[in-house]
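First up is the structure itself, then whatever we jot down about it.
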Amino acid sequence: MRFLHTEDEGKEVTYEDAFLVPQYSEVRSRMDVDITPPDETGATIPIVVANMTSAAGKRMAETVTRRGGLVMLTQDMPLEKIKEVVMYLKTRHPVFETPVVLEESESVQTALNLVHKRSHGGIVIVDKENKPVGIFTETDAKGKDRFTPLKNVMATDIISSGENTTPEEAFEKLYQSHVSLLPIIKNSGELLGVMTKEGAVRSKIYKPALNTKSEFITAVAMGVSNGTEERAKALMDMGVDIFMVDTAHGHSKRLIDAVKTVRHTIGKDKIIYAGTVVTAQGVEDLVNAGANIVKVGIGSGGSCITRVATGNGRPQLSATIECSKQARRMGAHIWADGGIRQPRDLALAIAAGAASTMFATIFVGTHESPGDIQRDEDGNLYKVNFGMASGRAVRERFKDQKPIDLAMRQYFEEGISEGKIYLKEGTTGVEDIIDRLVAGLRSAMSYAGATNLNEFHEKAIIGIQTNAALKEGEPLLEH
């Protein structure tokens with residue numbers, strides 16, 4: 001990439017300060033561009049959900065990985081739980097979604113507690129042999145006692161399809177039958193998964209992120225506390241594909257030593273993702289320690305108050321540009337973490353040299369995030385969000401410590417402890433957000449005449465703008 005004006009090269013800028021200059025293009029369609037990250041992780045879109053407890057869980061991991069992205073399971077999750085989630089992900093179907101399932105003897109209240117765990121809003125009701133006998137939606141509960149068995153309220157005229165059903169066939173059956181959820185049945189009659197019309201279309205647009213065994217790629221974070229070697233060994237035994245070594249200030253001896261330990265433990269073939277840094281020297285030191293990919297971004301996260309509290313950090317676009325140059329010189333890669341609020345920001349991060357981008361806060365307000373759906377006094381749906389350096393996260397991470405030691409740790413929190421993130425109409429599912437981000441990136445690449453991410457970085461021309469210029473580009477109507 002290059003700046004439109006050379007005098008802007010030394011300025012410290014972030015995404016809202018910048019714009020991409022349109023260029024001559026021979027790209028005929030946005031679907032002609034390849035958005036596979038060049039980092040050799042196996043991802044097929046440059047989107048990673050960060051290791052934040054309120055964002056990254058098994059539902060999020062299954063959904064995002066099926067569409068080609070990655071999800072970093074948090075270091076705060078016990079090893080037993082991580083093993084459960086990793087095994088779950090490795091057995092998911094690459095096309096068919098895993099539905100919420102209940103037996104017909106369960107109550108309406110139980111179903112209402114679970115129905116928002118998936119964005120399609122349906123629960124498959126099965127018999128004792130795991131064979132579908134009905135579908136439940138929130139509408140079925142209207143006017144019904146909450147203790148009523150599901151067999152008395154569920155829709156029983158279900159349409160299903162076999163395990164060899166293609167996305168095209170599933171879409172056609174859903175379209176013709178005017179139903180929203182299609183159970184997919186094994187040859188034995190047992191439930192395999194479900195398809196929706198949206199899911200069928202997305203299966204044609206996206207490719208799942210699979211490892212060499214055709215399993216969903218799994219990625220797990222670890223901190224820099226004692227037991228790094230033992231945790232790395234345990235994750236290796238689980239078959240984890242990507243190892244994240246993470247702390248708020250990644251350019252530190254503790255993290256560098258931890259990366260060296262993990263690399264020695266897992267060997268040279270597995271991917272290590274480490275951070276966080278914002279300088280070329282930080283990248284160099286982590287890559288030399290054994291990292292394949294470096295996390296870039298301090299203080300730009302939606303739940304982070306590091307810059308406000310400490311003054312430390314760096315504008316994200318400048319950090320990405322400098323760090324990506326260093327990583328490329330060393331045959332490594334960076335992921336830009338934080339500061340991305342709009343599709344344009346993702347495009348700028350990739351143009352600046354990032355192989356992929358990380359998100360957390362904007363994915364919390366979806367059905368797939370780990371938290372339970374809650375309603376405010378007006379009936380609006382929301383989920384609770386908190387940062388990984390917040391008092392809440394610190395309390396959970398170090399709950400086994402002495403009360404006085406825990407209190408001292410909480411004294412230095414650098415994240416928002418708790419806030420509400422509402423589910424917005426049109427983006428209540430994480431796939432809705434992915435669609436919007438990917439569509440923006442594809443369009444940006446076509447404007448630059450680029451057919452893949454490396455070419456986009458090579459061709460990109462970035463200009464620096466005023467706040468008025470940024471506002472000029474915003475639509476007058478809400479979107």
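Placed from the backbone N, Cα and C atoms, the Cβ positions cover glycine too.
According to TrEMBL, the protein carries these features:
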type: DOMAIN; residues: 95-152; note: domain 'CBS'
type: DOMAIN; residues: 154-214; note: domain 'CBS'
type: BINDING; residues: ASP246, THR247, ALA248, GLY297, ILE298, GLY299; note: NAD(+) binding site
type: BINDING; residues: GLY299, GLY301, CYS304; note: K(+) binding site
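For the pair formed by GLY297 (NAD(+) binding site) and CYS304 (K(+) binding site), distance between Cα atoms is given as 11 Å, rounded to the nearest Å.
The NAD(+) site is defined by ASP246, THR247, ALA248, GLY297, ILE298, GLY299, and by the 8 Å test on Cβ atoms against their centroid, the other residues of the chain that qualify are HIS249, GLY250, GLY275, THR276, VAL277, LYS295, CYS304, THR306, ASP337. Among the binding-site residues GLY297, GLY299, GLY301, the residue whose Cβ has the fewest other Cβ atoms within 10 Å is GLY299. Secondary structure of the domain 'CBS' (95-152) per DSSP (helix as H, G, I; strand as E, B; remaining residues coil): 17 helix, 18 strand, 23 coil. Following the DSSP three-state reduction, the secondary structure of GLY297 (NAD(+) binding site) is coil. Across the domain 'CBS' (154-214), the prediction's mean pLDDT works out to 97. The DSSP secondary structure for CYS304 (K(+) binding site) is strand. DSSP assigns ALA248 (NAD(+) binding site) to coil, not to a helix or a strand. Of the listed binding-site residues, namely ALA248, ILE298, the sparsest Cβ surroundings within 10 Å are found at ALA248.
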